[in-house]
Amino acid sequence: MLASFVLLVHNLLVSVMTTRADHWCKQPSEYANLTSKEWRSIGVPVDASGSWLQCVRYDPPLSENSDNRTQVPCEEWDYETNGSIITEWNLVCNQRWLVPFATIIYMSGAAVAAPIMGELSDKVGRKQVIYMAVLSLLLSGMAVCFSRSVTLFLALRFWVSASVSTVQITSFVLLFELSTPAYQCLYSVMAFTAPLIAAPLFLSLIDLLAQKWVVVQAVVMLPTSLLLSTFILTIESPRWLMVTAEYMQAERVILQAARINGCSIHDVQRQWRLHNTSFYGHDHEASSRSKLGFVGVLTSRVLRRRVVILFWCWFVVILAYYHTHTGRADNVWLRVVEGTLAGCGSLLLYMSATKFGRRVTLLALLVAFSMLAGGAAVAMMFEGASVLLLSVDTGSVILADLLVILLFTYSVELFPTVVRSMGMCAAYFFGRLGGISQPLLEELGSMTQKELVPGLLGVLGIAAALAVNWLPETMSMGVMNTVQDLEDVERIKIPRRLSKLETRYPGSAEAARRKSHDGAIVRSDYR
């Protein structure tokens, strides 16, 4: 939970740091004795609606009724409020593009680091990668507070993004692999529910209390520093140790966990010997033939199909999440209402995922979000629909939260242990591409029609829902350790389907069996 909370806080932090403030051209030094109101009345032009222009001033300013004054670009600005990175480095007018660019740079950090660290996690272990990423996060996060230029700020935020995403994804994979199958779905849902509720509320409170972006960053580093506890509490994944044939170390980890849980060491050792013998006889041979990392994903026909669909779903869901959570009015009470509804929704999500399955639940959520996005696009076309638009917006926020929870839970079950970290990080890479697309899409909407963005999200959500139909259901699949396990399960499905076909249409199964080219041999215990 802590890793997910820290990730979400750092991800949404830019919306607090880039709070927009009204601004106008600063008066030249010879007019420094004028108040802001006096200066604007003589030196700042107004548009057709009577609003002050923010990027130009009159030169000379005192010739208010003269025809010889011209409009010139601002050299410096004054702001209604101070404290954001916008006022710190004048990210307005011709520098305004740096605000969405800051989001793109941050998202790019995770996009670049995720595949690399996922590959490393599958090769050297989950624990070592977590240790390295936590130290990197603490160093880069504290360094952000001392940034004195926008270039250094962006570079350090890139580093923070790479580090915090590595901590969260690897910790989530480790949680899944340390949990018993009966509780994996529950723990996965819990790991995201509380952070998704608490992170926006936490940032809203900070925004109310802290006036400077440096203070906001320093406060955010307080819960981040609690990640130092990982050096005491984290153990290596026994599943990963067994898949990589580190049996002695796996036994030590299992016995350590048994002592912590108060289990009988003698019983655990006896069960371990029985399991180790059967595992070594079957999965050791399979794991020795399995290719790790990116190569293992590419060489598996089953995984290739899964990752293409998953990558598209991640792109759409993360794009939808950041669209619904950025650029919104800051209202603490609205965050409380949304958090309460999201908590109730996560309970219903868990019940649906365990009763109807992960795939069906994900499909239903995608369709529901698409309908709300379409409703938002329609509501934007009419004046006076603010109440309806607020209701639709709140519902979209809650559904986006639930989609993130379920997508993490479902995705981690679809990959075998030997490439699980790599698969999750690769999926997260495409999710961050969606995050990178969000500010670009918002800029497109501001330049064209504002209802274009939710309308497009609705179409993308429907496309993702259709693609989910081609994913397998994982509710009763069990935990796969090797790529070979996935291939075996896929081969088993064909004879099972043929058996049903034979029951309905005698003789047809044999014809279909002759046409099948996989040549799979099914063991009797799977029939």
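Including glycine, each Cβ sits where the backbone N, Cα and C put it.
Remember, TrEMBL labels are computer predictions, not curated facts.
For 511-527, the entry in TrEMBL reads compositional bias 'Basic and acidic residues'.
According to TrEMBL, the region 'Disordered' annotation covers 506-527.
The signal peptide annotation in TrEMBL covers 1-21. Long-range contacts of the signal peptide (1-21) within the same chain: residues 79-87, 91, 99, 102-103, 106, 137, 141, 157, 160-161, 164-165, 167-168, 171-172, 190-192, 194-196, 198-200, 202-203, 206-207, 213, 216-217, 220, 223-224, 226-227, 229, 322, 325-327, 435, each at least 6 residues beyond the stretch ends and with a Cβ under 8 Å from a Cβ of the stretch.
For the transmembrane segment (97-117), the list of distant contacts is 11, 14, 18, 85-86, 89, 91, 129, 133, 150, 153-154, 157-166, 169-170, 294, 326, 422, 425-426, 428-429, 432-433, 435-436, 438-440, 442-443: same-chain residues at least six beyond its ends, Cβ to Cβ under 8 Å. Taken from TrEMBL, the feature transmembrane segment applies to 97-117 (among others).
Non-local neighbours of the transmembrane segment (129-150) in the same chain are 6, 10, 85, 89, 91, 98, 117, 120-121, 156-157, 159-160, 162-164, 166-167, 170-171, 174, 214, 217-218, 220-221, 224-225, 227-228, 230-231, 234, 421; each lies 6+ residues outside the stretch with a CB under 8 Å from one of its CB atoms. The feature transmembrane segment is assigned by TrEMBL to 129-150 (among others).
Annotation source TrEMBL lists transmembrane segment at 156-178 (among others).
Feature annotation from TrEMBL assigns transmembrane segment to 185-206 (among others).
According to TrEMBL, the transmembrane segment annotation covers 212-233 (among others).
Taken from TrEMBL, the feature transmembrane segment applies to 307-326 (among others).
Within its own chain, the transmembrane segment (332-350) is flanked in space by residues 185-186, 189, 193, 196-198, 200-201, 204-205, 208, 361, 365, 394, 397-399, 401-402, 405-406, which lie at least six positions past its ends and keep a Cβ under 8 Å from the stretch. The transmembrane segment feature in TrEMBL is assigned to 332-350 (among others).
Taken from TrEMBL, the feature transmembrane segment applies to 362-382 (among others).
Outside the transmembrane segment (388-410) by six or more residues, the chain places 172, 185, 188-189, 191-193, 196-197, 313-314, 317-318, 320-321, 323-325, 328, 334, 337-338, 341-342, 345-346, 349, 353, 358-359, 361-362, 365-366, 368-369, 372-373, 375-376, 379-380, 454, 471, 474 with a CB less than 8 A from a CB of the stretch. Residues or ranges marked as transmembrane segment in TrEMBL: 388-410 (among others).
Marked as transmembrane segment by TrEMBL: 452-471 (among others).
The transmembrane segment (362-382) shares more Cβ pairs under 8 Å with 452-471 than with any other stretch in the list 156-178, 185-206, 307-326, 452-471.
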